[in-house]
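Some features that Swiss-Prot has for this protein:
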type	residues	note
BINDING	His204, His209, His228, His232, His309	Zn(2+) 1 binding site
BINDING	His231, His286, His290, His306, His310	Zn(2+) 2 binding site
TOPO_DOM	1-156	topological domain 'Cytoplasmic'
TOPO_DOM	200-238	topological domain 'Cytoplasmic'
TOPO_DOM	282-347	topological domain 'Cytoplasmic'
TRANSMEM	157-177	transmembrane segment
TRANSMEM	179-199	transmembrane segment
TRANSMEM	239-259	transmembrane segment
TRANSMEM	261-281	transmembrane segment
Amino acid sequence: MASVTSEKCVILSDGTEYDVTNYLVANKDAADLLRRYHRQEVADILNATSKSKHSEAVVEILKSAKVPLKNKEFSDLVDQNIGVGYGNEFIVKPTDLDKDFEKNHFLDLKKPLLPQILFGNIKKDVYLDQVHRPRHYRGSGSAPLFGNFLEPLTKTPWYMIPLIWVPCVTYGFLYACTGIPFSVAITFFIIGLFTWTLVEYTMHRFLFHLDEYTPDHPIFLTMHFAFHGCHHFLPADKYRLVMPPALFLIFATPWYHFIQLVLPHYIGVAGFSGAILGYVFYDLTHYFLHHRRMPNAYLTDLKTWHLDHHYKDYKSAYGITSWFWDRVFGTEGPLFNEQGKISTKAK
């Protein structure tokens, strides 16, 4: 097992990474101080008018690092100081709201966003270019969408998804078992679970990313932003990441009626229940890919894969819970090299 002092230690300052591992190994007395700032942005501390003993020590340590690490390519957005690191190590940097609006003249993040799109006379080409250039709202709050009593309806904490839908899945499966044998019910439940992965891919690629096929009209651009554009514009907003239950109900109802048309009632209920569980996995996976460190290599690659979709190429990597259907339909994205293997350069 590696000693505490031999483990890699990186400190961030103004979007630049400093590898101070060698200093830590040579100066074991500084280990506690350095570990305190590992993978943290310290620019505000270092630039403070009244520096503490600790901040002065960190300044000297960064100077001793001599050459900062070059950030791994993370699209041209890294150059815009939007974040540092990659994959599990990616850390967002808050957007300077005033400078962003002054530079791009797109949306003022301090004002309600939907009215700006609806009444702002924004052309589609400008909208599509800007909405796929992520911004990060300061603090733990959310940028306003409506700016009125409707605002709370646009926010959904992640835990509401299992809290609402897992009981529905359980009830649906048990209900199906009253009309068909358990073995049949569980078979179609599993089929529904895996069918969701195709629905997930199809919905993300052909519905949420209509993009160029969206009519060049403020109403349609506003709808695009409300459905998915907002998430690409503000990907780190933890309250506008999972799908609001009311919106999911609107999406799910036509699918339920379609399944009831093509399958016997109880079989349809079993399959639909499995698909709903697939959706729960999808939404939770999506949330944690954005907001948690992944515990193993596969999930770390999956996180990298999804961040590529946001920060490198939004026209690829549509799968969230897996890349299976992207491999089938040739939309793998930057994580895979030309031989179809995970590219070490992408990491």
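Backbone N, Cα and C atoms are what each Cβ position is placed from, and that goes for glycine too.
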Quiz item: Out of His286, His290, His306, His310, the binding-site residues in the record, which is closest to His232 (Zn(2+) 1 binding site) when you go by Cα distance?
Solution: His310
Quiz item: What are the non-local neighbours of His309 (Zn(2+) 1 binding site), defined as same-chain residues 6+ apart in sequence with CB under 8 A from its CB?
Solution: Ser316, Ala317, Tyr318, Gly333
Quiz prompt | Cα distance (Å, whole number) from His228 (Zn(2+) 1 binding site) to His310 (Zn(2+) 2 binding site) | solution = 12
Quiz item: Near His310 (Zn(2+) 2 binding site), how many other Cβ atoms are within 10 Å of its Cβ?
Solution: 19
Quiz item: If one measures from the C-alpha of His209 (Zn(2+) 1 binding site) to the C-alpha of His290 (Zn(2+) 2 binding site), what distance in angstrom results, rounded to a whole number?
Solution: 19
Quiz item: Which is it, of His204, His228, His286, His290, His306: the one of these binding-site residues whose Cβ has the most other Cβ atoms within 10 Å?
Solution: His306
Quiz prompt | Residues near His231 (Zn(2+) 2 binding site) in space but at least six apart in sequence (CB under 8 A) | solution = Asp237, Arg240, Leu241
Quiz prompt | Cβ neighbour count within 10 Å of His232 (Zn(2+) 1 binding site) | solution = 22
